[in-house]
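Colleague: What Swiss-Prot records for this protein is below:
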{"type": "BINDING", "residues": "15, 75", "note": "substrate binding site"}
{"type": "ACT_SITE", "residues": "96", "note": "active site, proton donor/acceptor"}
{"type": "BINDING", "residues": "134, 178-179, 198, 220, 239-240, 267-270, 280, 299-302", "note": "NAD(+) binding site"}
{"type": "ACT_SITE", "residues": "270", "note": "active site, proton donor/acceptor"}
């Protein structure tokens, strides 16, 4: 198979979808890999390293898209990339289609086989290709929150861990999954007072076990969320429903109850956000805005700021799936691997992931049916 890896063009997105080790794995399996010039530089990987591993460097993204049967990316294509799609092409990347009607339409119009990292799901309901970036985003959310709590950043001037004789910051984490757990690890490590809310009592019990009395766990409901948000110095939104828009769990009234200079980091922004006052996606160049005196951070590609770590963490997990697709063809690969079948979001002009179809009021065709049509 002909594999194409274009350079990421999202604001300050420095990750790349393949490493030299990945190139070598494809080449040894009999495939050809084409990489856009400079695609790896943001992750400190040179074109020369790719060439040494067996890749061919192409000058432009257009050449990569024109040549490749399967495009492997990190982030969802932006509008300027839609025109590069080749009918029937395989696209393997984070898609986050639920809040992206234009991208969804473009994939359907060009009959793209869209396989989304974030909906590849194992039998135990875990999301293996979302996990590494969720771990990084969760950890970074606390670092970022601590930064924006500083006075020169517009925050209330609170040190997350406090000092002897002065109480630490209140960190409230809504959602106790992979993102929330990793956020809690860093917040606890920095000495903050941490509250985690989740709808799953078994998950709360697990969090109690691993953190002990270092965190407070609460059932996630509107009453408990409102009470926790009011006292939060740092609020982190970590809610995920695989493939679907994130539910708005924190209302505008709740945000209004927060003290001026408090900080919100919504890690769920790439699925539409879980905070009602998060009304826009921000960028690494311009990451925050203020609303009701509260600093809002809504960058959709948080791990892109630590690109080298993120690239290697991501590709460790995506490469085996990408090789399955290349070795067997997408159809056989998804038939043989139920986890990969869950990743299939679009096929032959049809939406094959129910949450995406619901988000855009489009007809839903089960993936198994679409494969046989």
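Cβ atoms are placed via backbone N, Cα and C, with glycine included.
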Colleague: Given the recorded positions 96, 179, 220, 240, 299, which lie close to residue 75 (substrate binding site), meaning Cα to Cα within 10 A?
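Modeller: Near residue 75 (substrate binding site), where near means Cα within 10 Å, the recorded positions are 96.
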Colleague: Which of the three DSSP states, helix, strand or coil, fits residue 15 (substrate binding site)?
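Modeller: The three-state answer is coil.
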Colleague: I'd like to know which of the binding-site residues 134, 220, 301 has the most other Cβ atoms within 10 Å of its Cβ.
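Modeller: Counting every other Cβ within 10 Å of each candidate, the maximum falls on 301.
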Colleague: Mind checking which of 15, 75, 96 has the fewest other CB atoms within 10 A of its CB? They're the recorded positions.
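Modeller: Fewest other Cβ atoms within 10 Å, among the recorded positions 15, 75, 96, is found for 75.
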Colleague: Could you round the CA separation between residue 268 (NAD(+) binding site) and residue 96 (active site, proton donor/acceptor) to a whole angstrom and send it over?
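Modeller: With the alpha carbons as reference points, the distance is 11 Å.
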Colleague: Tell me, by DSSP, whether residue 268 (NAD(+) binding site) is helix, strand or coil?
Modeller: helix
Colleague: When the number of other CB atoms within 10 A of each residue's CB is tallied over all shown chains, which of the binding-site residues 240, 299 has the maximum?
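Modeller: When each Cβ's neighbours within 10 Å are tallied, 299 tops the list.
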